[in-house]
Amino acid sequence: MAKNYAALARSVIAALGGVDNISAVTHCMTRLRFVIKDDALIDSPTLKTIPGVLGVVRSDNQCQVIIGNTVSQAFQEVVSLLPGDMQPAQPVGKPKLTLRRIGAGILDALIGTMSPLIPAIIGGSMVKLLAMILEMSGVLTKGSPTLTILNVIGDGAFFFLPLMVAASAAIKFKTNMSLAIAIAGVLVHPSFIELMAKAAQGEHVEFALIPVTAVKYTYTVIPALVMTWCLSYIERWVDSITPAVTKNFLKPMLIVLIAAPLAILLIGPIGIWIGSAISALVYTIHGYLGWLSVAIMGALWPLLVMTGMHRVFTPTIIQTIAETGKEGMVMPSEIGANLSLGGSSLAVAWKTKNPELRQTALAAAASAIMAGISEPALYGVAIRLKRPLIASLISGFICGAVAGMAGLASHSMAAPGLFTSVQFFDPANPMSIVWVFAVMALAVVLSFILTLLLGFEDIPVEEAAAQARKYQSVQPTVAKEVSLN
């Protein structure tokens, strides 16, 4: 049965406290992300029971509504109900600064910046894999123009990642996007890259008598992110000191002259060191624990997705693949985690007597197993029924251990699933093909069996029908409150 996205959007907005309680909305691959003015106006119990809503995640003033793979359709309906000139709400007061709030702010900035970039990163990754397969199979020869262009297409999103990060972060930090892109562009300019290559070879490089640290910024996330955050403060300060008559030309010139050298001399190197330190910590643990670290990550992955913490690993994965050509801890652990959620959803679809739950579970299983998108299975089935989540965690640990022992590593960062399994193929290790499909099969079968053994409390058909009637009774009152520009 097709979802009524218009009714879904009306119900979600009503449960969030109406149009007047929403200051901004965006979406990632599976979630609608609302910025809320007053959390007290949110009707969480109603929001969670709206058919089509797989789950709800709260974070400070943001409410994330999990829809699944069709989130873009729901997003279009939500946007149609909101004012076209919507502006973010002004903060009522300055919140108290605590370590928890600082940590939450950093995580929110990272997730808010990286989430819109994931489609471009995955698209580039898959094109690079296609080029690798065509070369391995002999369809294209090494050095051929077609292969070179394919590699350039696949590499574009990674090489110019600082520009993409700057653009996305500018939206997040509410600063001028063109200035952010211009300053990030300095870091990947061919002349600057050449200068940094000379510095790396020992040649003294300075700017205004200040030594410049030899750093490579292509394929990086943290430097551009920190730089754009600093730019948001620099822009406000420069705006406050420049006369109104000179703002058109003096303000942008001063901003660039302040922010660009600051990025080159201080912010950029610090950002690289932070990123390198995080990567070193993660892979030092992997070096000590070996396959056990992959197993632990496989069990924890669904819990990390629940909190949004899984996005923390995105910069680390990108940097590791850029430096070594593959990643062997986080990505292999996702094979078992994603397909285990798919297998447990299949078991629920097999066992349930609720037609609506069966339909939800089958769709969620297909999404997790085929495409590696596990959130519909996680929120729509596993968390909802609890015991399938336990089965998935156990299966994820065991499959992670097998993937770690087999030495599987990914050459891309697409969500691991059947369609993206090619990213784990290693030309130097033909058995990697066998191992990746073996781990996938084990994940589906093991989680399926464990879910049947543990059982689950089925949702009565009467309850589902009552929820559907409640959903259909929602009137489009929200639409009357909005100016449809």
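Every residue, even glycine, has its Cβ placed from backbone N, Cα and C.
Given the structure is predicted, the values throughout are model-derived calculations rather than measurements.
Annotated domain 'PTS EIIB type-1' per Swiss-Prot: 1-88, in sequence order, evidence recorded as sequence analysis. Feature annotation from Swiss-Prot assigns active site, phosphocysteine intermediate to C28. The feature transmembrane segment is assigned by Swiss-Prot to 102-122, 147-167, 177-197, 207-227, 254-274, 285-305, 330-350, 363-383, 389-409, 433-453, with sequence analysis given as support. Annotation comment: Swiss-Prot describes 108-470 as domain 'PTS EIIC type-1', evidence class sequence analysis.
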Handout entry: the transmembrane segment (285-305) versus listed stretches 147-167, 177-197, 363-383, 433-453: most Cβ pairs under 8 Å
Key = 363-383
Completion exercise
For the transmembrane segment (389-409), out of 177-197, 207-227, 254-274, 363-383, 433-453, most C-beta pairs under 8 A are with 433-453
Problem - Segment-segment contact (the transmembrane segment (177-197); the transmembrane segment (254-274)) at 3 or more Cβ pairs under 8 Å - result: yes
Exercise for the section: State the residues, same chain only, that lie 6 or more residues beyond the ends of the transmembrane segment (207-227) and have a CB under 8 A from a CB inside it; answer 'none' if no residue qualifies. Expected result: 109-110, 113-114, 158-163, 165-166, 169, 180, 183-184, 187-188, 193, 195-196, 199-200, 259, 261-265, 267-272, 274-275, 314-315, 318-319, 322
Completion exercise
Listed in sequence order, the residues of the same chain lying six or more positions from the residue listed as 'active site, phosphocysteine intermediate' whose CB sits under 8 Å from its CB are V71, S115, P116, I118
Handout entry: Structural state census, the domain 'PTS EIIB type-1' (1-88) (DSSP three-state)
Key = 33 helix, 22 strand, 33 coil
Problem - Local confidence of the domain 'PTS EIIB type-1' (1-88) - pLDDT mean - result: 81
